[in-house]
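*Asks:* Starting off with a structure, shown below.
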Amino acid sequence: MVEWIEIQYPIEYGEAYKMMKSRLTGILNGTASEAVFILEHQDVYTAGISAKNDELLNCYDIPVHHTDRGGKFTYHGPGQIIIYPVINLAVNGRVKDIRNYVNNLASLVINSLKFFNITGITVQDTIGVWIDSEFGRKKIASIGVRIHKWITYHGVAINVCPDLKKFKGIIPCGDRDTIVTSISELLDQKIDLDYYKAILKQEFYKIF
């Protein structure tokens, strides 16, 4: 059974990273169960292994963490719900395929958005979840993962109601044309974060 670990306060990125890695080590050693961390971060820009220095435009006194996930720069902060699955793709009928895993994370987000009558899509040659609006295509969720001995860590960040202005300090995912959005912006209303977390938990088990 996958253990859900919900952090009730915006957590510093480095602290959450240590928790992920500790759980990964425990799974490898047979001393810990699989887990999904569900949380919000304190303001932070994270740089994946493909990030370039010129993609950080202005950090606005926001900390920058270089990390070992795939991808480039992104922003995390309050109002953005993140799930970090630390699960073994070699067990429980799962598929040992990184692309399949990333696609499943995207499907999880797309399915969760349906509860708000929002149609999420994936776009060829990109990673993440997007929406098509009257103002063009916008990104609503970012995915960045790493897999060690078929155990996953890092995960997906969904913009529920973050401060979208803070994305202006970076070139999101290395694409200057990327425009970000959130559930709250699309619906023009406040979103209950606990309600959305419950949806993610429910939909997770339909896929994983």
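Every residue gets a Cβ built from N, Cα and C, even glycine.
Swiss-Prot feature annotations, pasted as is:
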- 30-208: domain 'BPL/LPL catalytic' (DOMAIN)
- Arg69, Gly70, Gly71, Lys72, Phe73, Thr74, Tyr75, His76, Ser142, Ile143, Gly144, Gly155, Val156, Ala157: substrate binding site (BINDING)
- Lys139: site 'Lowers pKa of active site Cys' (SITE)
- Cys173: active site, acyl-thioester intermediate (ACT_SITE)
*Asks:* Would you report the average pLDDT that the model assigns to the domain 'BPL/LPL catalytic' (30-208)?
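*Replies:* Here the predicted model's pLDDT, averaged over the domain 'BPL/LPL catalytic' (30-208), is 95.
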*Asks:* Expressed to the nearest Å, what is the distance separating Lys139 (site 'Lowers pKa of active site Cys') and Gly71 (substrate binding site) at their Cα atoms?
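*Replies:* A Cα-Cα distance of 15 Å.
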*Asks:* Look up Tyr75 (substrate binding site) in the DSSP assignment and reduce it to helix, strand or coil.
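*Replies:* The three-state answer is strand.
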*Asks:* Return one of helix, strand or coil for Lys139 (site 'Lowers pKa of active site Cys'), based on DSSP.
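*Replies:* DSSP assigns Lys139 (site 'Lowers pKa of active site Cys') to strand.
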*Asks:* Across the record's substrate-binding residues Arg69, Gly70, Gly71, Lys72, Phe73, Thr74, Tyr75, His76, Ser142, Ile143, Gly144, Gly155, Val156, Ala157, the largest CA-CA distance in angstrom?
*Replies:* 15
*Asks:* For Gly144 (substrate binding site), which residues of its chain lie six or more apart in sequence with Cβ-Cβ distance below 8 Å?
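*Replies:* Long-range Cβ contacts: Thr46, Gly48, Arg69, Gly70, Gly71, Thr74, Ile127, His154, Gly155.
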*Asks:* Can you name the residues of this chain that are 6 or more positions from Val156 (substrate binding site) yet have a C-beta less than 8 Å from its C-beta?
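*Replies:* When sequence neighbours closer than 6 are ignored, Val156 (substrate binding site) has Ile82, Ile83, Leu105, Ala106, Leu108, Val109, Ala141, Ser142, Ile143 within Cβ distance under 8 Å.
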